[in-house]
Amino acid sequence: MAKNSSSSDVAIEKWKRDGVYIDKRGKLRTFHHKKLSRKRCGSLRGQGWKYGSGFVDGVFPVLSPIAQQILDFLQQEVDADRVWGSLDNLSPSHSTWDDLINVAVQLRLNKKWDPIVLLCEWILQRSSFQLDVMCFNLLIDAYGQKSLYKKVESTYLELLEARCVPTEDTYALLVKAYCTAGLKQKAEAVFAEMRKYGLSPSATVYNAYIDGLMKGGNSQKAIEVFQRMKRDGCQLNTETYTLMINLYGKASKSYMALKLFDEMRSQKCKPNICTYTALVNAFAREGLCEKAEEIFEQLQEAGHEPDVYAYNALMEAYSRAGYPYGAAEVFSLMQHMGCEPDRASFNIMVDAYGSAGLYEDAESVFEEMKKLGITPTMKSHMLLLSAYSRVGNIAKCENIVNQIQESGLQPDTFVLNSMLNLYGKLGQFENMEKVLVAMEKGPYEADISTYNILINVYGRAGYFNRMEELFQSLPAKNLTPDVVTWTSRLGAYSRKKLYQRCLEIFEEMIDAGCYPDGGTAKVLLSACSSEDQIEQVTTVIRTMHKDMKTVLPI
């Protein structure tokens, strides 16, 4: 391939590098570049880039002018021949190597996987640089992110053929790639591969597995791996505990998150700002603002400066607890302390005001976000739509849906379900049916939530025939009724005190493999007209679902 490139290609300039970087505390520091340079390579060879952090040698290097040119070019150019042709013009020096690795890491931070593939494949296939495990690791990571697990496997084999020694990062990235592709058995096989070489899986590898399982929605398996990690005597680190605190927080089990946090400190494992933020988030999800504030204070006492994620977590706590003005105080404090709110911060405030019925305040925050140049996402619009939907303002909701389309976003199923629900609440069945027709014809398919809304609305209005028609149509649409569907259908007959019909539907529900929850039990009980019927329902429910005891009257 020709090494000459057009004028639009990367210009190669000689530049005397200053050894400048920003340390972990954000301070500008310098080093003597030649003293750090290692034999046959630059300073960032072999052990530099660490999986998960995106940092190199514990610091975040400032890109040199040449590195910045390469980065800009790679982010704009997609033609592989042109990219490789330009890279061919780079001198094979130590400083060039460092520039290329810094660019690859920056691309990784920007989640630009295709340019990383082009760059690393060029290094491995075309350049005169000595093959290095760090380059293989970056390539495995990029292919993994793109769910190209076959490419991940071939890259790993190339690594072994090149006589490079896999690092713990290599194995962690393999595990992560398999999890991303939903291949848990292959992820397990990585542990066997490590043991074949006499290596004990480290916390880095276990953490990658737990993280991958969590992202794949397999929390129970993640808990099992965590327990196995303990049994195997693997040293749990800060990231391990932070992952598990996040897991329990998302499952609304803040008591378990706190238990792990206490265990962590008893094991002399020091929490970092991410750990504290995860615990604040755990309490926030359950609206436990006092506990969230207590942990937020501990974060500061530990010497950490709260970042936007920590402030957002605390704001969320007040929002979930129904205290919008408490969230607003945190929002103001954040700005006063010099921490710039991000899009999530504004979304939390729109939700806080909207959930409290303060729709004008919600819209005011929404407009402020736009004035500051922060583009509202679909979620931003949805939160504002929910605010006006709560107060039944159809005109405003329709206007917001139009704004969504005008901004280049396509209304999704959630947006259309919200409009369905609003029309239904206000008895505008004709408009509701129009939305349903549009959903059935449009790019967004109606989901089970769509039909739950329709079945609930028609059931409450007493239109039993239309309700049953919708329910019976579900199998043909490849939709399975869930507990909400069955309970909504039951509710229609329960309001008319049709006890026998309710029992028939309840039996259908059980036969279909759908088990009742507290709401189902309450609906069944409300259908009862006598003490005997109440006793019969209570006995049936308690026998088949012991957990229901707490919601049933004795």
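Heads up, the Cβ atoms here are built off N, Cα and C, so glycines get one too.
What TrEMBL says about a protein is an automatic prediction, not a curated fact.
The shown structure was predicted, so the numbers you read here are calculated from the model rather than taken from an experiment.
What TrEMBL records for this protein:
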- 132-166: repeat 'PPR' (REPEAT)
- 167-201: repeat 'PPR' (REPEAT)
- 202-236: repeat 'PPR' (REPEAT)
- 215-351: domain 'PROP1-like PPR' (DOMAIN)
- 237-271: repeat 'PPR' (REPEAT)
- 272-306: repeat 'PPR' (REPEAT)
- 307-341: repeat 'PPR' (REPEAT)
- 342-376: repeat 'PPR' (REPEAT)
- 377-411: repeat 'PPR' (REPEAT)
- 412-446: repeat 'PPR' (REPEAT)
- 447-481: repeat 'PPR' (REPEAT)
- 482-516: repeat 'PPR' (REPEAT)
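Taken as a whole, the repeat 'PPR' (377-411) shows an average pLDDT of 87 in this prediction.
Sequence-distant contacts of the repeat 'PPR' (307-341), counting only residues of its own chain at least 6 positions beyond either end whose CB sits under 8 Å from a CB of the stretch, comprise 273-274, 276-277, 280-281, 283-289, 292-293, 296, 299, 348-349, 351-353, 355-356, 358, 361. Note on the repeat 'PPR' (272-306): residues 238, 241-242, 245-246, 248-250, 252-254, 257-258, 261, 264, 313-314, 316-318, 320-323, 326, 334, 337, 339 of its chain, located 6 or more positions outside it, place their CB under 8 angstroms from a CB of the stretch.
When DSSP labels each residue, the repeat 'PPR' (412-446) comes out as 26 helix, 0 strand, 9 coil, counted as helix, strand and coil in that order.
Among residues of the same chain six or more beyond the repeat 'PPR' (447-481), those with a C-beta under 8 A of the stretch's C-beta atoms are 413, 416-417, 420-421, 424-425, 427, 429, 432, 436, 439, 488-489, 491-493, 495-496, 512, 514.
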